[in-house]
Structure formats: C-alpha cells, structure tokens
C-alpha cells in the first residue's frame, strides 16, 4: 500500500527569521508513532482508527512570546495546577504520583506564558488536549509517512470511507504540501551538513529549540482519547468499566476510560525525531500533575462550561433509586454486621457473604472474563509470564524499527523512557531472610506457628466430617434466591439502567417518600444515632405470667430472690465467691441490684462483665427499666467505641475487653468496689486474661470483692483457681426435659432441623420451638425453607393450619428484631426461633417447649495458614449440649430433639469447650500484659495456659512490628500502641502515619477497616452497584479506595441520600465516622497533631506497608501472587481495585487472607520493593549491584551478634540489679533488728546468744 502524505501534512507560512545567524525556514509537522503501553504494545493502535481530521490550519501571528494554553479535555474537568514551565530546555523530572487536587481557578486562568531562550519572533498558540504541561521533548513530525502507513493499515473500511469525504478539501493543498516537503528536506540536509551548531549543543538536543519555535498545534501535541479498550492481552476483552483507573463520580461512563497508571509506557528506547521531540510530550508527570482519582466538587464548579451537562448526565446515571425494601435490608445488614463482630478486628466468617467481596456468581464471571483475555487465537492459554514474553517481543520489534529509523537519518538519537523511573525506583532485587530476636532464644519460627488446640475430639468422626462439608440446603437456597432476584430484575425497571433508557422513572411521591425515610441531612448527631441504646425499645411481656405481673412482682418470682439474704451474707464474709445458677435464674440482672441495695455503691461502683456486646446492652436496658431510671444515668454500659455512662453511674455493664483495657490506666481498679464476672463458663480470651489480673488485684486490695458466675457445673475449676473459694448454688426453676436422639447421623443438619420443626408444628401440642444453628447463612436458609414449606402446606392442606411465626436470633440482634422475639404472637400462632449459640446462655426467651439441637456451633480458631482468626464450624461440647437441652424446661415440661446419635454425644464430643485462649492469636494479649509490666509471660497465672509456641510467636509478631525491642521490652512505639483499642498492625499503621505526616488519611483508613464493609450490593441491583463501586476505585490500593469513599462522603456533607445513590451503607459510614472520632480523642490525649499529606497518597501507601510488610506478596503468573516469605499462593480478589488492570504491581501487601475457593488477599495495596526492605529489615533487604552475597551474610552476622551482645548486657544488668536489691534488703533488715540487753548478753549486740551457754 502506498503512503498517502495528504492526510496529515498541513500548509505553513514561511518564516524568514534567523536563529544564530542561520535562516529558519518553515517546517512540516509530523505525527510521531504512539507510545508503547506498559506491556510493550501499541497502547493507542485501536484509538487511532476513528480519529477525525484536524480542521483548519495553523496561523502564525507575528509576536515574540510563545503562549501555551492548556485547555482541558472533556475527560477531565478538574483544573491543572502546579505546572512549572521553565525558561530553558527541561528534562523529564519524576514527580510522585498524585491522586487528588483541588483548584478554584477557572479555565480562563489556566493560560501561562513561556519565554524560550533564543526564541523566534513568532507567537504560536498551542492547545494540548491532555492534562499535562509542555515538555522540552514534544511530538515531532519528521516520521509522518511511516505513521500514516500504519494508520492506513489499521483503518477500517468505514473510517476509510469517511476519510475520502475530505480528500477534495485537501486537493488544493496537495501540491503545496509536496513542495513544502521537498523544500523542508533540502533545507534540512543543508543545515545538518553546515557547521552552525554551538559547542554547548549536541545531536541529542539537536532541533529541540527549533521544535519549540515550530508550529506544532493541536495535531502535533495532543489527541482525543476515546473510550476504547487497550490492545494489551490483559485488556483485550475488558469492558470499559473494568479498566477504570481514575473514576469520576457523577461523570458519564463514556468519559471514564482514562488509562490506568499501571498501563503507562514501559522504559523502552523511543525515537527522538528530527525536531528533538519524544513521543511522551503529553505526559502529565513532567509538570507534577497527574491523574486525579477523585471527583472534586470545587474543580467541577470551576468548569462552568461543562458542569451543568455533566451533572445532568451524572444525575441520569444515578436515577436508580433504593427501594424501601432494599433500604431496610441495608440498615438491617449494617446493624447485624457491626454488632456481630467481637472486640477484635481480624475475624473472618467463611460462610458469611461480604459486601465488599460480592457474591460467587459475579466473581466467577469476572474470573472467566480474565481467563478469556489470556487465550491465544489458536485457542491455547497464555500465562502472565508468557504474556510478558509476548510484550517483550513487541518491544524488541519496536526497538528494531527505531534502529532502522536511526540508520535512515529520519531520527537523530534514541531516548530511553525514564518517566516511571526515578533514582530510588531502579530495579530492586529483594532478598528474603528471617532474623530472630535473641530474647526468644531461637525457639520460634514465625511462618510455621504450631497448630492451635482444635476444639474437636476426633477429626475423623462423622460429626467432624459433616461440619467441614457444610449444608447442601444452604447452597441450594442461595442459588434459588439468586435466580429469583435475577428474574425479578427484568420487570423491576424503575430506577434501573434499562428503566432510565426507556424513560421509566419513579413517581415524585415515591422519591419524596424515599428521601423522607432515608434522610438527606448528614449533619446529625452521629454519635447519638449510632448508639444501640437509642434504638432499643422497652421490653414487652410475652408469657401470661409476665403480662399478669408488674416488674417488681416479676423480680420477686425469680429463683435468686428466695436466696437473696443468704447470698449477700456469703458475699460479706468472703472476698471471692463463685455463684452457680441456671440461665434465667436472675443472677445477671438481680445480683448487681442486690449489691447496690446493700450499700456497695457508696464508695465505688459495681461492674459486671459480659462476653458479648448485645448481652451487655440488653441487660443494662432491662436493669434500667427495673430501677426506673434512664439508661446512661445510674445504669450504663460500655462496649468498644461506645460508652453510655455518666457521672452518676453506679452499675456499669461492659464487655470483658473494656474492663481489660481499664486495667492499663488503673491496675488496681480503684473505682470499682465489686466486679461481677458473668458468663465465665464461656471462657473468652479476655475473660481468661482478666482472671489472672483480678487474682492479683484481690491480693492487693482487701476492700475489693470479686464474684464469678457460671451457668454450668464446672464451677469447681474456678473455685480452685482462686484458692478454694466458696461456691453458692442458686436453685433453678426447671422442669423435666425429654431428650430424643437421632437413630442415624444427619448428612444435612439444616434440612433435618427444618423437617423436624415442620413435624413438631403439625403434630405436637402448642409451644414455641427453638432451633440452634451455627451462623447467619444457615439461619437465613432455615427461615427461608420453613417459610416456603409453610406456604406449600397451607395451599395444599384442606384443614386449617396454625400459623408459624419464624424469627431469627443473631448475636448482633438489631433493636427492631429484638422486640419481635419477646412479643407475644398474634392469633395464637406458634413461634419458631432460629438462633445461634447466643440463645444457650445470654438470652432468655419464655414459652420454649421444643428445642432442636443440630449439635454444631461456630468457634473462633487461629488458622496458621491464613495467619488470622477465623470462625469455623465444629461439633459442640457435651456441656453446651446439656445447656441447650435445658432451654426446653423453663416454662414447663419440654422436649429436646438432638440431630445426632447418642454414641456421637458420648464419644465424639468433648466434655467441655476448649478455652479461646488456647485456640486463637494472642498478639493483643501479649501487648497488654507487657504494658502491665509482666516481663515473663510464660509464668503468667493463666487458668488454662495457652501453648508456649502461641505466646512466643505473638511476641515475635510484636517485635517484627517494632512494639518490642531486642530484649523483649516495650518500645516507645509499643507503649503508644497499647493506648489504641486496635489490632497491633492497625495501631502501627496509625502511628507511622504520624511519623510520615499523613495521620489524617491513615486515621480514616483505620476507621473504615474497623467497621464492616460500607459497600452495599443488593442482588437485584448487582450490576449497578458494581458500577457505582468502581467509580471509587483507586487503582493502586484498596485501602486508598476506602479513603476515597470516606472523603467523597465528607465532601457531600455526610448525606444519606448520596450514600443510597452510590450503593453505600450509610450506617456503616456513620459508624466509621464515630470510630474516627473516638480515635481522634485518643490522639489528642497523646498530644499527637493531626496532619494531612494532601494529594500525595504515595506516603499513605508507605504507612500501610509499614504495618503489613509481613503480609507481602510478589507477582507470579496471571493475577497470582505468592507470599514473599512462605511461597504460599494467594490471589487478588475480583472485587479488588487492583484486579484486571492489565498491569498488576510486582509487590503488594494485604490486610488478611480469606480462604474460600482460593486464598484471596483482602484489602491489597501495591508497594515498592525498597519500602519492604526499609520497613521490614528483619525479613527483606535489597541486593545492591556492587555488593556480593558474602557481604550480605557478613552484615547479617554483625547484626545478629549486635543483638546478642545487647541481650547479654541486659542479663548482666539484671543480675547486678538483683544483687543490689538483695543488699538493700539485707541492710534494711539489719536496721530493723532490735538491740536487746539482758543477762548474759554483751551490750550492743544484735544477736540473742547468752554467754553462759557458750554460744
């Protein structure tokens, strides 16, 4: 195919000015070959197919200054600030990546004047359409023929047909183009052969000054970027949504296809054209300006020309409204997710769906799309390593072409792109090694933590196998619900994208109603709104007994009332007492009131600890009603990030974690007169640590009393731990329970429980049913199946069927559902309550006659492979089984149906549950105990000591984070970390934010990580919610994505309707705002100033890396990573902002691993390898090119010997300190000895040795 030069050449006026004495004639402007993508492909080959021709010609006015006008592309409406135009030839300077910039300047203020040394007298108006400043290397035009040859080959027939329409317009200029071309090349040869160059100039910058004075208008320096996919193999089939690099909120989707920073050009030899320009003239990084990743309200207001249109288009896109049902579901799930979590952060429930992660169907769809992109034309699959080889081949071809151009004389030199390389970004070789602190004496290997004590008697038993396999009914119902939701979506058009296209909108009345319910005012008392106490309703009587008695009369009918005086007498006579009473006997609500009435609150307060949040709150509410006082006045409660107490509080209910943290500030707990450890039989992690601490408090304070309550018969163990203290038994008000076992093991315990409940409802006398399940998914599946089968039964049965009221019970029970549980059902309906193990002891429900025990429960177990605590299903213990059966005998003779065999009860169940301290991670516990000046943790008085390896490994984790020094003591960083109620890595991240001057941003990220996911993903709006979420993506980091979400919410005045428009959990965001406020108060107490890093979010990524460098992974394959230290494979999750970008970072750190179908990294952030070496020197080091491995080994040996010397010095100091203390004690005793004078004693002697005895 011939070369058609008429498409790109333009007629220019002659300029007879001189430059250095040499005439400067008019030059043609050629369009350079496009820059290569990160994978070495032509990143804009497809984009150029449909580019329209530039209209008009350049006009050369006669003036001396060059005016450079930066007009903004439609793609980016924000202002370009911070541009630095030098007066001399500039080189590409690396600037840090910036994500957000705000500016209030208008477009008219964006013009700047550049005066160039030795400039000609012409004034050239240049209007680049990219967001960049002008570089010295601009696009040249000397290779236009080659470029047009490429364009001709890549043009489609349609674009060629369109191009022919303009041929006549160019016909008149054709001869002038050819003449200009001949004149230009002739002059170029003459000038090149002449000796006009000065010694200060070289071939490298030859023509650069010429270029800056040449007419290279719109065609030479800019292009119109079209929303077309990149041709790289990673993005060949990607949708525009999948490639969002810097999403703009409220921006039409057609303008959101900007390239990812990861998809920019790789360092490769790029030709410098005859004019001295390089391809990357329009790069935004030269001037310090980079892609904005967040929608700026001020920036939008400045672009008045486009703002109205964009707002209208953005409004059209977000016309999908949240229905009332979806809003209720959103608030319900938000409450449930927040109050479900324990006091710890790193807890993953493998069976619970995560809002952030999405459902299985969408994840499989995304993974399938990614797999398709890596299939060759012949059908064979291509790994990422092979994809890189293919990309390198293209890069080599490009270099070959550049060499040919060099030989032909069309270009004068090559420039190696250094746009993404700075001095510190050179290729780093990361060496991995393990350094052990000397205080552990080599007794620990961080990556191979010993297996924790598993709470299962026989892993090969039937119950253990069934618990690992899970329920088939749950999966079946999940798929059925998903199918139903997708069917409904077709005719639920109002508010959907299709509805917007067809013009189907909600009525004004519906919109007003939704807005009234959601609320559009963000400036509310978020602290008060977030408190659970504001939502709890007054408890209503359910049983006939409760409805017929007043609250005072009900108190007198409780079993504990009959032994009130004897109990108080035992408390007066003993400092520690163990109280045993069945659940429902009144010990939790009445014991604290009895102590208050007996005068124990005159000189202090009565504290009562609970293992669960909901128990602490609901019990405090009940006691405040019985004492007829407001909650928060005399009666209060305190849980993590929520304190509802006041100066008049005399009875305080709290979680055991809250009391544990109070021991840090007041080791003797001086403000407490009595502490009641309620539900001690559950043996939570904090409870066991409190036992050891309170045992020392009892020894120091003789006026302090400790009461331990338990619902089971293992009270003798508590009594022995505190020194054989008395045990007081409260007589129970129980009725006989008939226990029925299953004849064969149940393969699907959820389906068996549903069938048993239906059988009871049809055949048994009146009485409510209680079903014990393991978790949220199973409870919802059981409720769905029960409802479905009841509808079938009512429709198919000829006789009247009693209604069945199905109610779930979660540990995070929302306030509205809590009222339903205790309300009496209407029309004589039977209640069927589906509950977790919270109903074993923490909640008492009247009217239960039938209990269905599945025999399973979820327990928190440390998973060393994942490196975190996870909720897993295990068979329950015999003690828990007896406790469940006892729930049927509270109001009358009951029946317990056990869905396992009697043999399994006797042989496959443990006698009592394994304490949590023996099966979980101990990082926080070790930090707390160290702060209490307990040096030797292995000698701490635990009731059930955890495995020694667990303690040592937790100490090693803290040493890695810098909380412990080389000799095992707390560092300054460690002392500060203790003050924050956070996991150690999050506390480290927060304090590193202070050191790096970005604590404002890190504080927001930590707050967002401390609450459940803020993304709401209704199944019937899955695609819309995914699209809305992608607008917030920051391609380098999921952590920065969370920061972006919070900042956008803040910019929109914390509005609730804005959250609904963008599928965000408004309650979750408000909870994050409350947590942020709590942490901010702690920072003020520590006198830490709140500083922000502004738009430079690279510093924030470094702070994140400082906390999670031990969870680092390097790239290996298609979206597959391996842990840098263990080699364990882990994958980017399809919901991650880093997923499917086309270029994935070489190194990432992640918050935690989630084990589902694969090991997925949750909350990943890209990091630089030298950050890992700088922040985690005990694991990583960078191999310098001028050092050998032998030198590295010598250096490691020196560091190790230095730590050993430090440890040896500490031991010597300890020995000397002990000798000095013994000497002081000896002298003190000598002074105290009395000098007694008597018969036979030498005067002044201190020894009673009579002389007459010859002694």
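Even glycines carry a Cβ here, placed using N, Cα and C.
In Swiss-Prot, the motif 'DEAH box' annotation falls on 678-681 of the listed ranges 678-681, 682-685, 686-689, 690-693.
Matching 72-91, 172-191 against Swiss-Prot, the residues noted as motif 'Nuclear localization signal' span 172-191. Swiss-Prot assigns the feature motif 'Nuclear localization signal' to one of the listed ranges (94-103, 144-153), namely 144-153. Averaged across the domain 'Helicase C-terminal' (753-933), pLDDT for the predicted model comes to 83. In the three-state DSSP scheme, residue 585 (ATP binding site) is classed as coil. Other Cβ atoms within 10 Å of the Cβ of residue 583 (ATP binding site), summed over all protein chains shown, number 21. Cβ contacts within 10 Å of residue 588 (ATP binding site), excluding its own Cβ and spanning all protein chains shown: 26.
Take the CB of residue 585 (ATP binding site) and look out to 10 A: across all protein chains shown you find 25 other CB atoms.
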